[in-house]
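Trainee: First, the structure itself, so that you have it in front of you.
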Amino acid sequence: MAIGRVNPQYTLEDMGIEGLGEVYYNLLEPAIIEQSLKRDEGRLGKGGTFLVETGKFTGRSPKDKFVVETPGVEGKIWWENNPPMSEAHFDTLYNDMLAHMKGRDYFVQDLTAGADPEHAINIRFINELSWHNLFIRHMMRRPSREALDTFMADFTVINCPKFKADPERHGCRTDTVIALNFDRKIILVGNTEYAGENKKGIFTVLNYMLPEKGIMPMHCSANHAKGNPVDAAVFFGLSGTGKTTLSADPNRILLGDDEHGWSDRGIFNFEGGCYAKTIDLDPEAEPEIYATTERFGTVIENMVYDEETLELDFKDDSLTANMRCAYPMDYISNASESALGGHPKNIVMLTCDAFGVLPPIARLTPAQAMYHFLSGFTAKVAGTERGLTEPTPTFSTCFGAPFMPRRPEEYGKLLREKIARHGATCWLVNTGWTGGAHGTGARMPIKATRALLTAALDGSLSEVEFRKDPNFGFEVPVSVAGVDDILLDPRGTWSDPTAYDAQAHKLVQMFADNFEQYIPYIDEDVKAVAIG
Ligand SMILES: Nc1ncnc2c1ncn2[C@@H]1O[C@H](COP(=O)(O)OP(=O)(O)O)[C@@H](O)[C@H]1O
Ligand SMILES: C=C(OP(=O)(O)O)C(=O)O
Ligand SMILES: [Mn+2]
């Protein structure tokens, strides 16, 4: 018997998924939490949050993510970045997962991705963990209750953390697997409890689908000026660079914290919720996000807390540095209801430079923006991928290589055209280290980053004097109100400026070595701004 609300013609049985225990469809938050408590999946926290631990898997598993080599994807996938899985292996995996599901209870949410109805897709999430179902209900967008009665999915995600894959049988790498089949329109996830896989899988699907419709999918957060959705800004960045933190700006309206599309009509959020890191979360620096950690239903992942008072310890990273909270967008008081914005006036590329070399902000020409978009330089921060314990410099193209099924130039070309057509101003912002590399220097103060962004977005930054950076060729402001001048000159923040020069030269060489792979694909003007 179906418990909850579902299209009567479209139950799991109708999809050929049979023999399960109880199946709960589209439960609302209180009912899901009741089920999660009954199953001992976690406990209630302050204000009615839901506290969970995810065991061994506290970050994504990018090396265990596969794209199935089906006829429909031929010539479209960037295989060097997306390990292939054969159709036969996938079919075995699918059958084995369905066998594993027999007799167990499952939780279904029918949700959508894409705030622009013209480009939205319907997704059915089938979760073994009840709290994953709560998480994804927060993170995606919700059809009306009536629409559930006729809901049909464009894509299905089956997520079974208790299922163990077999590399021999399934053609995967370990007993953890994330398998994307674009032709069968299924994502299978096995043997990881990290909730983020649920949402980042769908992001990968949209990154595959949307370019064919001329829409640029972006790993970015976004906001717009109060009362003026046309004055929008996007913030590209790999995990840990500050997308979530910096887009929740009390002076602007939040569009979304992680994934957006850019169509001929403007930008739109793919999601309906946020997934914020809570390590060192400071009520003064980030009041909006902090407040969500005491709201009903917020999922709090891998945080240490006082057993008696349920007080969260924002400093304790003993479970992981990637501790998180997930909540619906409307828990942020200045969030946009429509999640739609105009063509971005400003495009910010966030980088967390662990070398302490890059300036806190630089203005980029369109060609330089393309260069930095394809380069995607940053540091991976501790915890967001399994096994990372130190900030590790990396070039993650499009500021999100783990989620890009297609070749980087394809995204690059789309972005280029849109920047040119709409005349966006582009910036590179270093939210990483200053005063020395990681280990010597300190993380860029959030206050300084915010002040610089405010000036960039309100236009006042364009009025100040700029210098040309001798290593990177971009323009750096000399003095900005509200920011220590010294911060604007990274060389001057190092106790030994010659050590800075040496580190800067090394970084320039790293950029040059990394960029060689894109030379055959890019325009002359981008070649002309390549550094090193
Ligand atoms: N100058 C800064 N700008 C942005 N974030 C900063 C800065 N300094 C420290 N941080 C911290 O870095 C982390 C950025 O993470 P987050 O905003 O979740 O990134 P993303 O959403 O891109 O993964 C947060 O924990 C934030 O408190
Ligand atoms: C959910 C994630 O996104 P981000 O860290 O960019 O917020 C992730 O990388 O696992
Ligand atoms: Mn984020």
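Cβ atoms are placed via backbone N, Cα and C, with glycine included.
Remember, it's a predicted structure, so these values are computed and weren't measured experimentally.
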Trainee: Which one, Lys200, Lys345, Lys418, Lys468, is listed by TrEMBL in the same ATP site as His219, Gly237, Leu238, Ser239, Gly240, Thr241, Gly242, Lys243, Thr244, Thr245, Glu286, Arg324, Thr449?
Mentor: Lys200
Trainee: Return the members of Gly237, Thr245, Asp258 (the binding-site residues) with CB less than 6 angstroms from at least one atom of ligand 3, or none.
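Mentor: Only Asp258 qualify.
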Trainee: Over all shown protein chains, what is the count of other CB atoms within 10 A of the CB belonging to Gly237 (ATP binding site)?
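Mentor: The answer is 29.
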Trainee: Can you tell me which of Arg60, Tyr194, His219, Ser239, Thr245, our binding-site residues, come within under 6 Å of ligand 2 at the Cβ?
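Mentor: Listed by sequence, the hits are Arg60, Ser239.
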Trainee: Would you identify the secondary structure of Arg324 (substrate binding site) according to DSSP, in three states?
Mentor: strand
Trainee: Let me check the 10 A CB neighbour count of Asp258 (Mn(2+) binding site). How many other CB atoms are there?
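Mentor: For Asp258 (Mn(2+) binding site), the count of other Cβ atoms within 10 Å is 28.
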Trainee: Scan His219, Gly237, Ser239, Lys243, Thr245 for binding-site residues whose C-beta lands under 6 Å from an atom of ligand 1 and note them, or write none.
Mentor: Gly237, Ser239, Lys243, Thr245
Trainee: Return one of helix, strand or coil for Lys243 (ATP binding site), based on DSSP.
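Mentor: For Lys243 (ATP binding site) - judged by DSSP and reduced to three states - the answer is helix.
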Trainee: Can you grab the distance from Thr241 (ATP binding site) over to Tyr194 (substrate binding site)? Cα atoms, rounded to a whole Å.
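Mentor: For Thr241 (ATP binding site) versus Tyr194 (substrate binding site), the Cα atoms are 20 Å apart.
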